[in-house]
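Q: According to TrEMBL:
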type	residues	note
BINDING	GLY170, ASP171, ARG172, GLN173, THR174, GLY175, LYS176, THR177	ATP binding site
DOMAIN	27-93	domain 'ATPase F1/V1/A1 complex alpha/beta subunit N-terminal'
DOMAIN	150-365	domain 'ATPase F1/V1/A1 complex alpha/beta subunit nucleotide-binding'
DOMAIN	372-496	domain 'ATP synthase alpha subunit C-terminal'
SITE	SER363	site 'Required for activity'
Amino acid sequence: MLTAMLDDTMNTIRTVIRDTRPTLKRQETGTVLQVGGGIARVSGLASVASEELVRFPDGVLGVAINLEPDVVGIMLLGDSDRLNAGIRVTATGRETDAPVGDSLLGRVIDATGRVLDGGKPIDIHERRPIERPAPEIIERSPVTTPLETGIKAIDALIPVGRGQRELILGDRQTGKTSVAIDTIINQRGKGVACVYCAVGQRATSVAKVVETLRQHRALEHTLVVVASDDDPPGLRYITPYAATTMAEYFMEQGRDALIVYDDLTRHARAYRELSLLLRRPPGREAYPGDIFFIHSRLLERSTHLRPEFGGGSLTALPIVETQAQDISAYIPTNLISITDGQLYLSPTLFQKGLLPAIHVGKSVSRVGGKTQHPSLRAVASDLRLAYSQFEELETFARFSTRLDKETRATIERGRRVREVLKQTEHHPLRASEQAGILSAVNAGLLDDLPVDRVAEAEQCVQQALVAKLPELCDRMDRGEKLHKEQWEKIHGVIRQALAGMQPREGSPG
Ligand code: ATP
Ligand code: MG
């Protein structure tokens, strides 16, 4: 009897022991050996993973990036002022991640989701890893739809398609940011979610961009992700990856998204800073050996997905700064080889006031041509030819006063093309507005007009077309192809509009 009772009790104890799961989670802690320059060297985190998030006592986060047998190199994502040797570090067991969702649009945040615009906290329902594999080749589809920038020189001559990666490069202060911002502004009402990722810029420059977007009602469809120049290099380094994760969310929902990286020169410098502090071997220009990979794995994530995979797209406009117009420097050549084309902004054109300062000869779009609006394609080839012939002749013409009639005509036409390609910032144009004036200059309708009246003529032409041929304008904007008769109708209206221009005082007419 007693034995039976004992047996019962023992069985119950055994069941309890078997079914009880320990609720304790193993949490590894380490000790800081050294902090400085945005890096901490930590001992005791023997099983921490690469890219794992770690936490310092007052909430500062870090990412483990250098795993050595006894010491782990951590890049800090926050202020290191209150960190010192001897404090404890906890491994979180979490990959570095970023918030995603529609609620982010219209906001200014950092890579970890911290609100920087002084607004209310953001409702975050989901976080995704900042490093994600790029879509497989089988998931990708050719680029088929244009991404309209609203800038005549780009949409007509160097068109960009949705899902393309087009590099914007140029020296300091040549209008790189301006081209990207105008493109974002032009997406208003077009259903393209935009992400502007600012890396290593001064906070005042970023504030200016945010203000411009707000003024042009473009902030509603844009998310701004910022790591400014006084943030630690670790945060500057991870920000583009986090911003890409945020943009991919829209692509993966089958929508179209656009991401601007402003700029990747500063991103590369942040990575160089980290690598040197971590004592990785320096290579060319002191950049570490994997500098190509940090940009290729970032830009490979932009693509156009096949319909079976949702059909969404992510277009990337990475910006890179050149020094003394050297586009063959290390980082620019890397990026040129990764992207599907480049827009080169020339300081010489900028100084001459030819804005936007896009150098047509040095710019190229490797995939966008197939997506161009038919109305713009109809004018593009003649325009490019007229312009390149003119560029060649202009230099030569300076040395010679006696030019034959044909050369003079090419130069006069070229001058007008150049004038038509000028555009003020933050003033994007619809496809019909662009096609109208460009086809007018192609057809020689502006040849008799003084060059300094071309801008005025453009206004007249645009107003006349909208007033008299609204239906044809709609067709052009929708991307329909126009017949010869329809073009003739357009030219008729343009001729009338130009004839009706007020003669300037003191001029014969
Ligand atoms: P940074 O190297 O400092 O980043 P950036 O190359 O991005 O400069 P922006 O800041 O875009 O250049 O432009 C430089 C200046 O040129 C700005 O003051 C801007 O307002 C002006 N600018 C750029 N494009 C145009 C344009 N199309 N029309 C008039 N002004 C322009
Ligand atoms: Mg800029």
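Quick reminder: no glycine exception, Cβ is built from N, Cα and C everywhere.
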Q: Does DSSP give GLY170 (ATP binding site) helix, strand or coil?
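A: Where GLY170 (ATP binding site) sits, the three-state DSSP reduction gives strand.
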Q: Per DSSP, to which secondary structure element type does LYS176 (ATP binding site) belong, with helix, strand and coil as the options?
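A: Reduced to three states, the DSSP call for LYS176 (ATP binding site) is helix.
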Q: Distance between ASP171 (ATP binding site) and SER363 (site 'Required for activity') at the Cα atoms, whole Å?
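A: Pair distance, Cα basis, whole Å: 14 Å.
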Q: Is any of ASP171, LYS176, SER363 (recorded positions) within Cβ reach of ligand 1, i.e. under 6 A, and which?
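A: The qualifying recorded positions are LYS176.
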Q: Near ligand 2, meaning Cβ under 6 Å from any of its atoms: which of the recorded positions ARG172, LYS176, SER363 fit that description?
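A: So the answer is LYS176.
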Q: Which residue, of the binding-site residues GLY170, GLY175, has its CB surrounded by the fewest other CB atoms within 10 A?
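A: Relative to the other binding-site residues in GLY170, GLY175, GLY175 has the fewest Cβ atoms within 10 Å.
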Q: Between the Cα atoms of GLY170 (ATP binding site) and SER363 (site 'Required for activity'), find the distance and write it as a whole number of Å.
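A: Counting only the Cα atoms, the answer is 11 Å.
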Q: Reported as an integer number of Å, what is the Cα distance between LYS176 (ATP binding site) and SER363 (site 'Required for activity')?
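A: Here the two Cα atoms lie 13 Å apart.
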Q: Among the recorded positions listed here, GLN173, THR174, THR177, SER363, whose Cβ has the fewest other Cβ atoms inside 10 Å?
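A: Ranked by other Cβ atoms within 10 Å, the recorded positions GLN173, THR174, THR177, SER363 bottom out at GLN173.
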Q: Between THR177 (ATP binding site) and SER363 (site 'Required for activity'), find the distance joining the two CA atoms and give it rounded to the nearest Å.
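A: Answer for this pair: 17 Å between alpha carbons.
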Q: Would you list, in sequence order, the residues of this chain other than GLY170, ASP171, ARG172, GLN173, THR174, GLY175, LYS176, THR177 that have their CB within 8 A of the centroid of the site's CB atoms, where the site is the one recorded for ATP?
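A: Neighbours found: GLU321, LEU345, PRO347, PHE350, ALA357.
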Q: For the domain 'ATPase F1/V1/A1 complex alpha/beta subunit nucleotide-binding' (150-365), provide the mean pLDDT of the predicted model.
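A: 97, rounded to a whole number.
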Q: Here are some binding-site residues: ARG172, LYS176. Which one has the most Cβ atoms within 10 Å of its Cβ?
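A: Buried the deepest by this measure is LYS176.
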Q: C-alpha of GLN173 (ATP binding site) to C-alpha of SER363 (site 'Required for activity'): distance in Å?
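A: For GLN173 (ATP binding site) versus SER363 (site 'Required for activity'), the Cα atoms are 18 Å apart.
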Q: Can you give me the Cα-Cα distance between SER363 (site 'Required for activity') and THR174 (ATP binding site) in Å, rounded to a whole number?
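A: Distance (Cα to Cα, whole Å): 15 Å.
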